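Working notes, beginning with the structure itself.
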Amino acid sequence: MSEDAKSPGPRTRNIIENQLFRRQRSLKLEALQRQRTLDSGDGVEGLGPDSEPFDKTHIVIIFTAKAKLRHCQDVEKIIQEFGIQTTLEIVGKTEKYLYLSASVDTLLRLADAAELEKMTTTNSMQKFNYGCISDFLLPGMSKDQILRYCEIPVLIKDVIQDGIKSYLQKGYIEDMFPLHDILYLTRFNWNLKRTKLPIEDIRNYFGSSIGLYFGFIEFYTKALIFPAVFGLLQVLFDLNISLVCSFYVIWTTIFLELWKRKCAGYSYRWGTIEMNSLDKPRSAYQGQMKPDPITGKMTLHYPMRYTYLQMYCISYPVVLGCVVAAGCFALYQFQIEAEVLADFGPDSWLLYIPVIVQSVLIAIFSWAYEKLATFLTNLENHRTRSQYDRHRVNKLMLFEIVNNFFSQFYIAFVLQDLRQLKYQLMMQLLVFQVLCIAQEIGIPLLAVLRQKYAEFRHREVAEEKLRSISDVPRYEQSFYESGLDEYHSTYEDYLQVCIQFGFVVLFAAVAPFAAIGALLNNIFAVHIDMWKLCNIFKRPFARRAKNIGAWQLAFELLSVMALLSNCGLLFLQPNVKDFFSHWLPSVPDLSFVIFEHLLLGLKFLIHKVIHERPRWVRIGLLKSDYETSQALKQLKKFKAEANKMA
């Protein structure tokens, strides 16, 4: 890239240039990797004698233009105090990079301090112990393979973030992120021969939170095959609605219970199954330093009463107001539609306009409310990331259910117009899928269209700068990836899947093709999500998670609502009303309660029969507890013998 394009001026923020850079550099990086293997540790052409190998740079810190050389050196000294290796490169007044790496020994010590769960040679999960490394060396494994790829940047970030916090607050540090591994990313390329996603590779690279999302979406997509086939049978053979209700009760319950088992297996293998509310506080948590009542270490503490006051006196009243406003908006839409019907008749195309406008506004309201829910949850100051995500999702789901499905419930059970319900559901689902497809495909398509333009702008690094750069490939990758968007969380992805699940199950009696549309959408969407994560976003710091959190409760809530709504649709049928009015003339509504309770009982029975953890996971946890207790006994015995000898 030319000197004028790089400095003075702000750093280029061009996603497409990054893609072009990757394609041009990937072959060179692969050649360098092979050369390192052949040379067995010898120097690599293009690297200085004192520079760190390119593939060992774990984190890049980029300084702002206001940061002076002394500020950069101060940050470097603070980081070095933790045993982290650093390389400071001053490319220009507006370009200052600090590359962080660490030896295997340092990383293993950090893993010990972080109490990471690792598999032992006895096939049980235990907290990693630096003093007993041999216990964690599985057959064919070396020391540098104990830690997963996603864990290394997090260990470094966690140990240095308190020391450099003041420099972040003063605006001397612009960004800090781990570099992508271009060779590793090839594992996630589209492969038509692959029948399932590489979940373990995804977890090893992006962390357990993102790994669980892709594990869930793969499991959910495969589970959609059953309602998709059932929907075809429902149309071809005009199946009874009571059979439809029974099928979806069984399917949703078995799907969610089997996912719990699948999720337990993932979290056990990944060492997150025993996470709790006493885990490490999130970075944005505020409080006073006090001794921890369990460990005795100095940690941040914030009175829970202030969190509860914020939640119940401010957050939830605001949420309730937004929910009421969303319901009133849906009712106002019906009033507009009634006026259009009265003025232009039932056959006018203008009747489509209110529904389309409502569907678009629903998406806009969801975006605005997500910002509000995030702001309110930030004020509540929850301690851990899992607590924060759970309370945030709880607020969002209350609003999203009303925002997306209130109109359908109003048409079905107040207006009792099944024809209008089918029309409303079809239009709203169509607009929802179109918006999702536009969001999933629009950005990649824009990238392809702008590719040719980026080729004209791409240049090699100016010769003057090569003298101050010890590792050109590392510098170029850091420069380009600094312009990518930051990946915040899996919230948007889970929300789309959750709303889609609602469209599939809530009114399945009148929407048999919804499952087919969801199945086809997910087959392509999951690969697009992976492509965006690998190419459009910076590599995120891994987040630990033991399950999908509050989203599990959201899916279970929609499952119960689907049972009630489909039973309600069944008893709106004229022949069903006449049948029960004939046999139970005094209490015809009692039959609805009996049938609904029978299905709830069936759902509860399935829930109890299917254990949420597989037997091998339960055995593994018990084995871990047994080994821990035996080790504690041996330690006490050793101390007693040592005291006698003293």
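Each residue, glycine too, has its Cβ placed from N, Cα and C.
As recorded in TrEMBL:
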DOMAIN    202-620  domain 'Anoctamin transmembrane'
TRANSMEM  210-233  transmembrane segment
TRANSMEM  239-259  transmembrane segment
TRANSMEM  314-334  transmembrane segment
TRANSMEM  349-369  transmembrane segment
TRANSMEM  429-449  transmembrane segment
TRANSMEM  494-527  transmembrane segment
TRANSMEM  548-572  transmembrane segment
Exercise. Most CB pairs under 8 Å with the transmembrane segment (494-527): which of 210-233, 314-334, 349-369, 548-572?
Worked result: 210-233
Problem set entry | Proximity of the transmembrane segment (239-259) to the transmembrane segment (548-572), 3+ C-beta pairs under 8 angstroms | yes
Seminar exercise, completed: In the same chain, residues at least 6 away from the ends of the transmembrane segment (210-233) whose Cβ sits under 8 Å of its Cβ atoms read 196-197, 199-200, 202-203, 239, 247-248, 251, 255, 258-259, 262-263, 266-267, 270, 490, 493-494, 497, 501, 504-505, 508, 512-516, 518-519, 522-523, 525-526, 529-530, 533, 540, 542-543, 545, 547-548
